[in-house]
Structure formats: C-alpha cells, structure tokens
C-alpha cells in the first residue's frame with residue numbers, strides 16, 4: 001500500500017465512531033462534538049418551549065373551542081405527536097447529519113427522485129424553520145411588551161414600531177449568541193431544560209396554592225361538556241373544538257437532528273432526546289393546561305388588557321409582582337426556544353448550501369476557521385428571519401401569512417421522508433439500514449408511521465381553515481396558500497435552473513474547501529455508495 005494509502009487508512013481508523021458514520025454517509029466531520037447527553041436533551045426540550053409555547057398559543061383553543069378544547073386537544077395532539085416523534089427519531093438515528101430529515105429524504109428514494117425530493121423537503125424545512133424563528137421571536141416581543149403594560153397598569157402603548165424594533169433587536173442578540181464556538185453553545189444549552197421545566201412546575205404549584213378551592217372550576221368545566229364553548233364565528237362546535245389542536249402542533253420536532261454533527265454518540269443521543277422531549281412535553285404540558293383552566297377564573301375576563309390569557313391568570317392569582325416575576329421566566333424560556341431554533345435552522349441552511357442547494361457555490365456551506373461553526377449561515381438565517389417581522393410595519397396581514405407557514409411546511413417536511421422510507425425501504429437504491437433507535441419491522445413501526453402520516457395530513461386541513469367566517473381579506477388563513485406557493489415556486493425554480501447545480505445530497509469527502517475536525521475523515525466514493533445502498 002502506498003504512503004498516501006497508509007495515511008488514509010490510519011487516519012480513518014483513528015476517527016471516532018460518530019465521525020466514521022458521518023464519513024460513511026459521505027460527509028467530512030466539520031464540527032466539534034461538544035453536546036453531551038444532557039445538553040442534547042436540554043436542546044430538544046428547549047426547542048419545544050413548553051410553558052412559553054403554551055403561553056403564546058393558549059388564547060387560540062380557549063377563545064375558539066373553550067376550556068375543554070384546551071385540555072383534550074392538547075393530549076389528543078400530543079398522543080399523535082408521540083408517533084411523529086418516534087418516526088422522526090427512527091430516521092434521525094439512521095442518518096445523523098446536520099441536514100436532518102432533508103438529507104434523509106433524498107436517501108430514502110430511488111436515485112432518479114433524490115434531487116427532486118431533496119429539493120422540495122429542503123425548502124419546506126428551511127422556510128418552515130425560518131418562519132418559526134420569526135413568529136416565535138415576534139411572540140416573545142409581544143410577551144415582553146405585555147409584561148411592561150401590566151407593570152405600568154395599562155399606561156403603556158404597544159405600537160407596531162416598538163414591537164418590530166424589539167423583535168429585530170432580539171434576533172440580533174440571538175445571532176450573536178449563536179456565533180460562539182460549539183463548546184460554549186453546549187454549555188449554555190445544558191441549563192435550558194432546568195429553567196424550562198422549573199418555570200413550568202413553579203406555575204403549576206403557585207396557581208394551585210394561590211387559588212381558593214371555592215374559585216377552582218368544577219371537573220365538568222375542565223374536562224366535560226360545560227367547558228365546550230363555541231366562540232368561533234361561523235363554525236359548528238366540532239370544528240371550533242378542533243381548533244384547539246393549533247396549540248400543540250406549533251413546534252419543531254426535528255430540530256435536534258440538525259445538531260447531530262455536534263452531538264456525541266449522535267445515532268443514540270439525538271433520536272433519544274427527540275423521543276424523550278416529545279413525551280415529556282406532551283405529558284407535562286397537559287398537566288399545565290389542566291391547572292391553567294382549573295384556576296382561570298371567569299372566561300369573560302380573558303384574555304384581558306394584556307391580550308395574554310396566561311399572564312392574566314397569573315395576575316389574578318399571584319398579583320402584579322408575582323405574575324411579572326413568573327412571567328420573566330416564561331419569557332426566558334421563549335428566548336431559549338429562539339436560541340435553539342436559530343442554531344438548528346443555520347445548520348440546515350449550511351447543509352443545503354453544502355449540497356449546492358443554494359445558488360451560492362457552497363458559500364454558506366463553510367465553517368468559520370475560528371469558531372468551527374457556520375457563521376455565514378447563522379447570519380443569513382438571522383437576517384432572513386427579520387424580514388417577516390419588518391413586513392408587519394407595512395402589512396400585519398402579510399406578516400401573519402408568512403408566520404402561518406411554520407407548522408404546515410415543517411409537518412409536510414417530516415412526513416415526506418417517513419412516507420418514502422415505508423415505500424422504498426427495500427428498493428435497491430435505498431436498502432434502508434436502521435440505526436440504534438429502531439421500532440422494528442413489525443406492527444409497532446408500521447402503525448406509528450401510518451398514524452403520524454394520516455394525522456399530519458388531517459392537521460394540515462385544520463391549519464388551513466380560517467377561524468372566523470365569513471372569510472375576508474383580514475381574517476383569511478393564508479397557511480395553505482403560502483405553503484402551496486412555496487411548493488410551486490420551488491418546483492419552477494428547480495425546473496428552470498436549480499437542477500443544473502443541485503443533484504441531491506452530495507458527498508464532500510474530496511472537497512478541499514471543507515476542513516475536517518478530526519483526521520481520517522476521508523474515504524472513497526465507493527465507501528459512500530456502499531453505505532447508501534447497504
């Protein structure tokens with residue numbers, strides 16, 4: 001064997017198992033693996049928000065379907081999301097790359113479809129994540145300003161300018177925080193889960209302790225027919241009740257997949273973190289929703305002057321000082337959601353550029369030599385995420401239309417690879433090889449996959465419905481229009497020019513412009529082909 005061959009073989013043997021797996025998938029290790037099990041689980045919990053996500057979406061089920069809609073739609077949606085989380089985790093375990101389900105989707109179809117499927121899923125996932133960052137940050141800005149309004153006894157005018165200014169400033173702060181090296185990101189992330197869960201349990205305990213038994217709502221109001229109150233104009237009670245599902249579905253389930261190249265034992269840790277966080281968020285979130293309804297006081301007083309039902313409930317039971325103290329931790333939790341969401345989205349953009357999915361010659365698919373993180377992709381994600389918020393100054397309807405893209409685009413980007421895996425798993429070009437997190441070939445895995453696909457298609461219909469009838473330009477739900485528009489424009493772009501530079505996920509093992517963190521992160525193209533067909 002030649003000296004060059006000896007060096008290649010030696011260096012490959014000295015790489016750790018995670019990097020060997022990444023090399024087998026066709027990519028050089030470009031990140032440092034600083035995320036431990038705790039940091040990874042904390043990341044997964046943080047992206048789901050829990051108390052902050054419930055606080056920002058609580059008005060929707062409460063004011064459309066009533067208190068019982070809040071309680072039952074949460075556990076119904078969470079149960080269905082268990083199957084989605086398990087199905088996503090199974091694929092992430094097999095393809096632990098920062099491209100997440102985008103990369104996996106292209107590997108789970110025959111070669112002739114890889115570019116088309118990868119292109120569609122990539123754009124749905126990227127734009128869904130960016131819309132999610134923007135909408136969550138916008139929600140955080142409103143949460144902070146609502147607290148200021150309560151603190152000043154309503155003597156504070158919340159204007160579009162103040163909201164958008166705070167929104168943009170917060171996003172710049174998140175961009176700066178994400179610009180540090182991976183080891184610092186991992187250290188920061190470790191503490192997120194304790195603040196998240198701690199704030200949630202504090203709310204639960206304080207509300208139960210401060211609410212007199214005589215003022216707690218009866219079980220029939222919380223769980224029964226007395227709590228089904230149709231306030232959705234023009235819709236029957238059944239549809240109004242189902243609008244409660246909009247709260248539980250508003251999250252990014254595959255975000256942890258996008259930090260796989262920064263996670264130790266990624267094929268085990270990333271899918272496990274997703275699964276644990278989905279179950280934990282679902283069950284603890286249900287408990288929080290029950291307690292909020294139990295202690296909510298008269299429905300006619302909500303959402304109150306702050307336009308946040310959760311903040312008004314805290315104010316009712318804890319007084320102004322107590323409510324604002326707890327609300328500060330809810331806002332911090334929302335801050336962590338955006339921090340992790342921007343982290344994940346920048347890695348997706350990096351992976352898409354690395355595969356030449358952007359017309360940038362791979363410019364945003366390179367890491368900084370100083371931090372060994374994709375600074376270019378981080379700041380591109382940051383600035384693009386600011387644009388929908390700025391649009392609010394010109395047209396709040398247009399801004400909300402962009403925000404509405406989040407859930408539908410992300411959910412579709414999840415079920416496409418799950419569907420393709422089931423259809424093509426034994427195809428000669430695919431030959432799906434499961435990772436350590438695997439539900440098996442039996443009824444469990446098949447049932448989970450079928451349920452999550454059917455549920456996602458159903459929930460997309462709910463996402464598409466306007467909450468008020470008759471429909472006007474002001475109350476129109478543009479989610480379906482925007483999502484279909486993204487699919488149409490992406491398809492036209494691909495046909496007219498993108499197919500010339502994008503051929504699907506592309507190995508960068510022989511790309512000298514990408515520097516590996518470990519030695520021995522190169523192998524032959526035949527090794528890559530063997531992995532993708534093994």
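In case you wondered, yes, glycine gets a Cβ from its N, Cα and C as well.
Any TrEMBL annotation is an automated prediction that lacks curation.
Computed from a predicted structure; not experimentally measured.
Feature annotation from TrEMBL assigns transmembrane segment to 38-58, 70-95, 126-151, 163-185, 191-209, 273-294, 314-338, 373-391, 441-465, 477-496.
Tallying C-beta pairs under 8 angstroms between the transmembrane segment (441-465) and each of 38-58, 70-95, 273-294, 314-338 places 70-95 first. Of the candidate ranges 126-151, 191-209, 314-338, 191-209 contributes the most Cβ pairs within a distance under 8 Å of the transmembrane segment (273-294). Within the same chain, the transmembrane segment (191-209) packs against the transmembrane segment (38-58): three or more Cβ pairs sit under 8 Å, each pair at least 6 residues apart.
Only residues 6 or more beyond the boundaries of the transmembrane segment (163-185), in the same chain, are considered here, and those with a CB under 8 A from a CB of the stretch are 31-32, 34-35, 133, 137-138, 140-142, 144-145, 262, 335, 338-339, 342-343, 346, 371-373, 375, 378-379, 381-382, 385-386, 389-390, 392-393.
Away from its own ends, the transmembrane segment (477-496) comes close to residues 115-116, 119-120, 123-124, 127, 397, 400-402, 404-405, 407-409, 412, 460, 463-467, 502 of its chain (Cβ-Cβ under 8 Å, at least six residues beyond either end).
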